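Engineer: Right, I'll just put the structure down here and ask away after.
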Amino acid sequence: MKKNQKTAALLILERKGVPNRKQRMSVSGGCLCCVKYLMFIFNLIFWLGGCGLFGVGVWLAFTQSEFSSLPLSFPSLSAANLLLVAGGITMVTGFLGCLGALKEQKCLLMTFFVILLFLVLIEVALIVVLSVYHEELDKKAKDDLREGMKDYLKNKGLKTSWDNMQATFKCCGVSNYTDWHNKTSNGKLPESCCRDNTDHCHYWEEPCYDKAKNWLLDNMTSVLGFGVCIGIVQILALVFSLLMYCQILRAEKYMD
């Protein structure tokens, strides 16, 4: 009797257009599959983006290896380290997202969501700090470089780095040639500051910090555009990971 009543109730619901349990599970499974592959694709792009950032960081580190003894506040050296760290974290996070999507495990998905959200918040905070305090950061970096110039004659590695930088960028000093006053013997400018080998030094007038910073910005324009694309992919990956988590919960509810 109860079975007949249940069957009759299901028939009434079907006539009214209300999907039954089997239909709801089918729809839920289809949505889960769609979200799963979309999330996998976005995380694969995210992982490839991390590889790209890491690769640029390696290239920048090798390119600027001649300046390796300078303080890490030197623009290109600090940018290389930042890209290496950001690229490494992005690669690990993207791999975790791909694995979570394929395995359909709530624990992996939630871990991925938390890590990625934390990463996005750090990136936003870093952009805000660089935008608001860029003048203070420039001043701090210049002061660090000037402080390091005191060891020019004592530290062979530092001397080589400064000479390579001034010869490469055709510049002298951090802000100008006066930065070398009282830093060398007899108050003479380093030979790398001079345009030629004559007795009277015709020094380069351009400041090294600004030239290095401009060189970095010129070479980082495409990387910044690439970073914006990665940021968009990060937001989409957050959305899809949350959607997939909810879909898995819904599927488990229907199975129960």
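Cβ atoms are placed via backbone N, Cα and C, with glycine included.
Here's the feature list from TrEMBL:
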type	residues	note
TRANSMEM	37-62	transmembrane segment
TRANSMEM	82-102	transmembrane segment
TRANSMEM	109-133	transmembrane segment
DISULFID	Cys171-Cys208	disulfide bond
DISULFID	Cys172-Cys194	disulfide bond
TRANSMEM	223-246	transmembrane segment
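Situate these features within the shown structure.
Structural biologist: Close to Cys194 (disulfide bond) in the fold, though at least 6 residues off in sequence, lie Cys201, His202, Tyr203, Trp204, each with a CB less than 8 Å from its CB.
For the transmembrane segment (223-246), the list of distant contacts is 32, 35-36, 38-39, 42-43, 45-46, 49-50, 52-53, 56, 83, 90, 97, 100-101, 104, 106, 109-110, 112-113, 116-117, 119-120, 123: same-chain residues at least six beyond its ends, Cβ to Cβ under 8 Å.
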Engineer: If I take the alpha carbons of Cys208 (disulfide bond) and Cys172 (disulfide bond), what is the distance between them in whole Å?
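Structural biologist: With the alpha carbons as reference points, the distance is 6 Å.
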Engineer: Long-range neighbours only, meaning 6 or more apart in sequence with Cβ under 8 Å: which ones does Cys172 (disulfide bond) have?
Structural biologist: Gln166, Trp180, Leu189, Cys193, Tyr203, Trp204, Glu205, Glu206, Pro207, Cys208
